[in-house]
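The structure appears right after this line, and notes come after that.
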Amino acid sequence: MNKYNYMENVLQHINANVISLRDDEIKGNNIILKEILNIIIDKLKTKNIMFRKMYTCIFFGGSYYDGLRVGHPNEFDLDLLLTLHNLTKPIITKANEPGYVFLKLGNINNFLNIDDFKMYKQLSNLINKNGYLDVRKVLSWFEGIVTSSLNDIKEGSIYNFQIKGNTYKGTIHKGGPAFTLKIKGPNGSNMDIDLVPCFRFTEEHWPQGFKKSTSQQKSFFIVPKPLPDSTKSHYWRLSFQEQERELINNKGRLKPALRLLKQMRDTLNHHRIASYYLKTVFLWQVEEIGVDQSHWNSSLSYVFVCALKRYKEFLDSDNLPYFWEKKNNLLSGLHEDTLKNIRGSILKVLTDIESNNKDPNAIVKYLLTPEEQKRIMNGGNPQQSANAENGSCLSM
């Protein structure tokens, strides 16, 4: 018998009534998002011939489309996937920064001298003197074509998107690899859309030194995430989002448990722990558990506590290895005092779980703020109002 069943209904209630996204919000925001993206992509393809040639599709990434979003469905991470012509002879090699690679265009000069490929001439402005694709130059190029393409809908610093008779006002903000389009709707709704230009490669370019995927998804992305050192502007961050999505899909209680862990992170103010770190805990669990689905089909309380304990083990070792390259410790950038405080908090949570096994509400203070507790838990006894099916993850 699962000794954590005493808090099962509480976890189900919180997952269903606090964490899970509202269907009406999801549907409404998806309609608006699709219309805005259609406008942007059409204008980019019309105004820039090289973008039109390289663009393939949008990858809808991030926690929202992984079914892991906590809160409101108003933040979207979108990768605009670009491809390079084979005749440029792209060569990907591992960089000396963990998680990064170099991309060299081995035949770029000969390629650009072919009359049929003159539309790619802007590529020569995106590489450094040694033929490596430059992150900052690519981001500058992308910023330029976005702003110039949207000029005809711009008034001052505001971009006006006309959708189904309504005006949605947008502003563009830069941060890291993303250009964030902040949208304000006529009804007061807000939406943040992160657009990132990424390059997509097939399996034959899989970089050495990174774990080989057994996934059905064989392509991977490189992301223009700049390093602080300006001399390293040809370092590209690897992204295996398609493989990770496949690994965590169809795993029973995995997604509800991960959403609970993210909710706990937010409630405890562990802001230095990125959502991707928590996702990585589950990626390692998926590999360690293997093909047996019985673990993920167990109760939500059991799957959640097992993940919390595994998370604590990583914290205790001061090492959370990047799933695709074990030598890359995701916790290396955290100060020891920060890690010590986080370890202490998680130990206290686990101690309360083990010692208060007759109090199903003992876990609540770690998952809900005082305001959330009043708003949600006063609606009725969670032991009676929730059932096991409320924890089902949302599919997109």
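Glycine residues also receive a Cβ, built from the backbone N, Cα and C atoms like all the rest.
Remark: Gln243 (ATP binding site) has Ser213, Ser215, Gln217, Phe220 as non-local neighbours, by Cβ distance under 8 Å and separation of at least 6 in sequence. Annotated ATP binding site per Swiss-Prot: Ser63, Glu75, Phe76, Asp77, Gln241, Glu242, Gln243, Glu244, Lys262, Ser275, Tyr276, Tyr277, Leu278, Lys279, in sequence order.
Look at Swiss-Prot and you will find Glu75, Asp77, Asp194 tagged as Mg(2+) binding site. Over all protein chains present, the Cβ of Asp77 (Mg(2+) binding site) has 20 other Cβ atoms lying within 10 Å.
DSSP assigns Asp194 (Mg(2+) binding site) to a strand segment in the three-state reduction. The local packing around Asp194 (Mg(2+) binding site), expressed as other Cβ atoms within 10 Å of its Cβ over all shown chains, amounts to 19. If you look up Swiss-Prot, you'll see Asp194 marked as GTP binding site.
The Cβ of Val286 (Mn(2+) binding site) lies under 8 Å from the Cβ of Leu247, Ile248, Lys251, Leu254, each of which sits 6+ residues away along the same chain. The DSSP secondary structure for Val286 (Mn(2+) binding site) is helix. The feature Mn(2+) binding site is assigned by Swiss-Prot to Val286, Glu287, Asp292, with similarity to another entry given as support.
Annotated region 'Disordered' per Swiss-Prot: 376-396, in sequence order.
Per Swiss-Prot, compositional bias 'Polar residues' is recorded for 380-396.
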| note | For Leu278 (ATP binding site), the same-chain residues 6+ apart in sequence with C-beta under 8 angstroms from its C-beta are Leu258, Leu261, Lys262, Arg265, Tyr311
| remark: With neighbours defined as other CB atoms within 10 A, the best-packed of the binding-site residues Phe76, Tyr276 is Phe76
| query | Using C-alpha atoms, which one of the binding-site residues Tyr276, Glu287, Asp292 comes nearest to Asp77 (Mg(2+) binding site)? | reply | Tyr276
| Nearest-integer angstrom distance between the alpha carbons (Cα) of Glu75 (Mg(2+) binding site) and Asp292 (Mn(2+) binding site) | 34
| remark: Spacing of the two Cα atoms, Gln241 (ATP binding site) and Asp292 (Mn(2+) binding site), in whole angstrom, works out to 23
